[in-house]
Amino acid sequence: GVGGMIPLIIMAILAFPMTFFAHRGLTRFVLSGKTPGDDITEVVEEHFGIGAGKLITLLYFFAIYPILLVYSVAITNTVESFLTHQLAINPPPRAILSLILIVGMMTIVRFGEQMIVKAMSILVFPFVAALMLLALYLIPQWNGAALETLSFDSAASTGNGLWMTLWLAIPVMVFSFNHSPIISSFAVAKRAASGDGAEKTCAKILAFAHIMMVLTVMFFVFSCVLSLTPADLAAAKEQNISILSYLANHFNAPIIAWMAPIIAMIAITKSFLGHYLGAREGFNGMVIKSLRGKGKSIEINKLNKITALFMLVTTWIVATLNPSILGMIETLGGPIIAMILFLMPMYAIQKVPAMRKYSGHISNVFVVIMGLIAISAIFYSLFS
């Protein structure tokens, strides 16, 4: 919202097609594999060969795994802050607190993929309800200050023109609505349930989910922007705090101070579980491909246990140490996510016979353009 209302309105218009067409493309890519039950790491190898398969699996893992580490740090920080400020309780030592929280989340993982999906589907409802209630709660605070930026030169107030503001905002939109780590598991599950009708089933589910996601998030964003002035938004950015924390302080509203960490905890847990599935796929894929090259194999349940132990130990260590380099590693994973989500399925449509039936649609061109814009803007932000 710092760049004015015009960029925000344009981003709101782009949000659904950008999210839906990209994720539908990745879903179609996973479904295009010959063998039902093959995840993204196997389909990549089938379509692009063993060498490219290993490379993309490695990139896929290192794009998602750091985000899992970030969430392990975030849940520890959020709960620690909640115990200290809202409940006025001295939190246990960080190593113990992070272990309790990560073991708690990993317990859900232990019950298998169906339990993870079930937990995520349960968590999404209180999350959406809390966001909507907060957005509605802010309506009496709406003022006309943000509407004063309703012009095509208002973005100049940020030091950038409209197009520059839009260019740099697109990666933010990509990551705000990105749920590519869950797409492979989603596609495999729906193929097992629906067979040849999986593509249509997946497209329908994605369309409804993305409409709900975009409407919920954008209503919340507009409600926040309309309740604050551009100067307030700039101050929140300068202080490097979440909009929820800023709102709680700005309006001196205890209800927001209580709701903010609860919303954050639900969101982080939900995202941790989703990214765990993607990271596990990547890790398992690397191990399976490495063993296959040596003529060996491993039983999947045994591999899942090894992966779970690796994830538990590494996320716990990182959550305890809270290293500053983590944000940089996460940022470097950004271009990889954009390439896998936006460009790889569109490339496959041109090169893979099983995907060629999806060629010739204007939405494919739109996805490629958005992917290239997102990747170029990420690199610009990294090196500027």
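From the backbone N, Cα and C atoms, a Cβ is placed for every residue, glycine too.
If you look at the transmembrane segment (6-26), the same-chain residues 6 or more away from its ends with a CB under 8 A from one of its CBs are 40, 149-152, 154-155, 162, 165-166, 169-170, 173-174, 177, 179-180, 183-184, 202-203, 206-207, 210-211, 213-214, 217-218, 221-222, 225, 340-342, 344-346, 349, 358, 363-364, 366-367, 370-371. According to TrEMBL, the transmembrane segment annotation covers 6-26 (among others).
For 55-75 (among others), the entry in TrEMBL reads transmembrane segment.
With a threshold of 8 Å between CB atoms, the same-chain residues lying at least 6 positions outside the transmembrane segment (95-112) that come near it are 72, 75-76, 79-80, 119, 269, 272-273, 276, 308, 311-312, 315-316, 319-320. According to TrEMBL, the transmembrane segment annotation covers 95-112 (among others).
Among residues of the same chain six or more beyond the transmembrane segment (119-142), those with a C-beta under 8 A of the stretch's C-beta atoms are 108, 182, 212, 216-217, 219-220, 223-224, 226-227, 244, 247, 251, 255-256, 259, 262-263, 266-267, 269-270, 273-274. Among the features that TrEMBL reports, transmembrane segment is placed at 119-142 (among others).
According to TrEMBL, the transmembrane segment annotation covers 162-184 (among others).
Under the heading transmembrane segment, TrEMBL lists 205-228 (among others).
Annotation comment: TrEMBL describes 255-279 (among others) as transmembrane segment. Among residues of the same chain six or more beyond the transmembrane segment (255-279), those with a C-beta under 8 A of the stretch's C-beta atoms are 60-61, 64-65, 67-68, 71-72, 74-75, 78-79, 81-82, 85-86, 105, 108-109, 113, 116, 119-120, 123-124, 126-127, 130-131, 133-134, 137, 179-182, 184-185, 242, 244-245, 247-248, 311.
The transmembrane segment feature in TrEMBL is assigned to 300-319 (among others). Within the chain carrying the transmembrane segment (300-319), a Cβ under 8 angstroms from the stretch's Cβ atoms is held by residues 68-69, 72-73, 75-76, 94-95, 98-99, 101-103, 106, 109-110, 276, 279-280, 283-284, 287-288, 326, all 6 or more beyond its ends.
Counting residues 6+ beyond its ends, the transmembrane segment (325-349) has Cβ neighbours under 8 Å at 22-23, 25-26, 28-29, 32, 44, 47, 56, 59-60, 62-64, 66-67, 69-70, 73, 171, 174-175, 178, 180, 318, 355-356, 358-359, 364, 367-368, 370-372, 374-375, 378-379, 381-382 in the same chain. Taken from TrEMBL, the feature transmembrane segment applies to 325-349 (among others).
Annotation source TrEMBL lists transmembrane segment at 361-383 (among others).
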Region pair the transmembrane segment (361-383) / the transmembrane segment (55-75), three or more CB pairs under 8 Å: no
